[in-house]
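Let me begin by presenting the structure, written as structure tokens, before commenting on it.
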Amino acid sequence: MYRLPYYHQLSQRIGATTVREKYDLDRHDERLRSLRLLTLLLAIFYFSYTLVDIYLLPDVTVRSLLLRGVIMLPLTGLLFAYYKRPVSIRHKELAGVTVVSLSAVVWCAILLGSEDERVLSYFYAGLVFLMVLTIVLTPPFEHSLYSSLFVFTCLYTTIWFLHGATSIYVINHLTLGVPVLVLTLIANYRFSAESLRLYLENVSVEQLRVELAARNAELEKISHIDPLTGLTNRRGLTRFADDLQQLSGAQCCIAVIIIDVDHFKAFNDFYGHAEGDNCLRAVANAIRAACNQEDVVCRFGGEEFLILRSDHSAQAFNALTLAEKIRMEVVGLGIPHQPTQEGRVTISVGVFTGPINPDAELNTFIKEADAALYEAKREGRNRVRFNTHYTGYASHLSMLCASNSDKAL
Ligand SMILES: Nc1nc2c(ncn2[C@@H]2O[C@H](COP(=O)(O)OP(=O)(O)OP(=O)(O)O)[C@@H](O)[C@H]2O)c(=O)[nH]1
């Protein structure tokens, strides 16, 4: 069966709901606002036309006052009350067109009571009801169609009973009435279809925007993650570097721990690149497992990892304990490394701790940790070396490092 494009679109689905339901729901408030305003305006017009009735057709004064006052006034009050109910906007619009249609019936009943010859020219005003039901209230097309056909029938039934009406008068009236009916219905259809088209365009733009935002977030996440180990990459680390200054004051100190796999070139040469990748993954997992949730664990370079701590647990002693724990865990992995004296994979670790101040710069801290790492390598690898701005700790920490590296294997 052929369906007008407007209805075809309305019956399509967006997710779990039809376009019609979503359209009614999303545009409820906006449509209700204009419906209320227009109803108020139309009520003012309708009731002030009592004066026109009295002026043009004095013989219907009582009838007009009675019918408008007793029937239409309470109906209008009820209509405004209905607008407040939690029902679909489509029902409220239907209530609106129903009351307007009834007001047309009441108007016809008033004019039927007149024997004044001016009633014939006044009856042309009945076409205003058709305009209201189509292009003024602009309800959904189906409401507009049925209500204006009803009012049209009502007008042209009444017309035969008007005082002094002839067939020529009726034909004259129709020459205006029919085009008004057809053209205003066309205008209503175009308006309804265009409003729906604009709405659907907005919905798809909004959907695209949400999709794009999700993809951007995904890309942003991916661009900060090292694909081999799943750790934060160097780019991700810069984000934390940017936040570092904001931490000054709130958090007392920072620890930077740099970890480097010993003789990794030899490992690669001996076992192959794929085994080298597996080794890096295993070391990365051991590092991540030893750290807190709050620690930033980053793959800093090829076989280099970096841990950033920026809270109370970043104090020198804690940082050094963590570094030592990681070194032991990696040794404990027991990954064979034949070309080396130790026969298994080991790491060297450089630790730096210092206070965070407003001029803090991550690169400076990294350089300090790197210097400690260089010391660890120089002194024979598989050990932890530290660098701190807390001079009071220095001797105690030196002893700790020294004793731990003795227990290395
Ligand atoms: N398998 C694998 N190897 C990598 C990756 N990234 C870097 N490498 C290798 O890591 C090795 C690093 O070698 P070097 O910088 O000479 O360091 P090293 O051999 O560990 O020596 P020391 O650090 O002095 O103990 C190079 O052979 C790189 O090719 C990677 O993603 N996978």
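Every residue gets a Cβ built from N, Cα and C, even glycine.
Record features (TrEMBL):
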DOMAIN    252-389  domain 'GGDEF'
TRANSMEM  37-58  transmembrane segment
TRANSMEM  64-82  transmembrane segment
TRANSMEM  94-113  transmembrane segment
TRANSMEM  119-138  transmembrane segment
TRANSMEM  145-162  transmembrane segment
TRANSMEM  168-189  transmembrane segment
Do the transmembrane segment (119-138) and the transmembrane segment (64-82) share at least 3 Cβ pairs under 8 Å, sequence separation 6 or more?
no
Annotated stretches the transmembrane segment (94-113) and the transmembrane segment (37-58) touching (3 or more Cβ pairs under 8 Å)
yes
Hey, which bits of the same chain come close to the transmembrane segment (145-162), Cβ under 8 Å, at least six residues off its ends?
97-98, 100-101, 104-105, 108, 111-112, 119-120, 123, 126-127, 129-130, 133-134, 139, 169-170, 173-174, 177, 181, 184-185
Near the transmembrane segment (37-58), which same-chain residues lie under 8 Å Cβ to Cβ, leaving out any that are not at least 6 residues past its ends?
64-65, 68, 72-73, 76, 79-80, 83, 96, 99-100, 103, 110-111, 114, 116, 118-119, 122, 132, 136-137
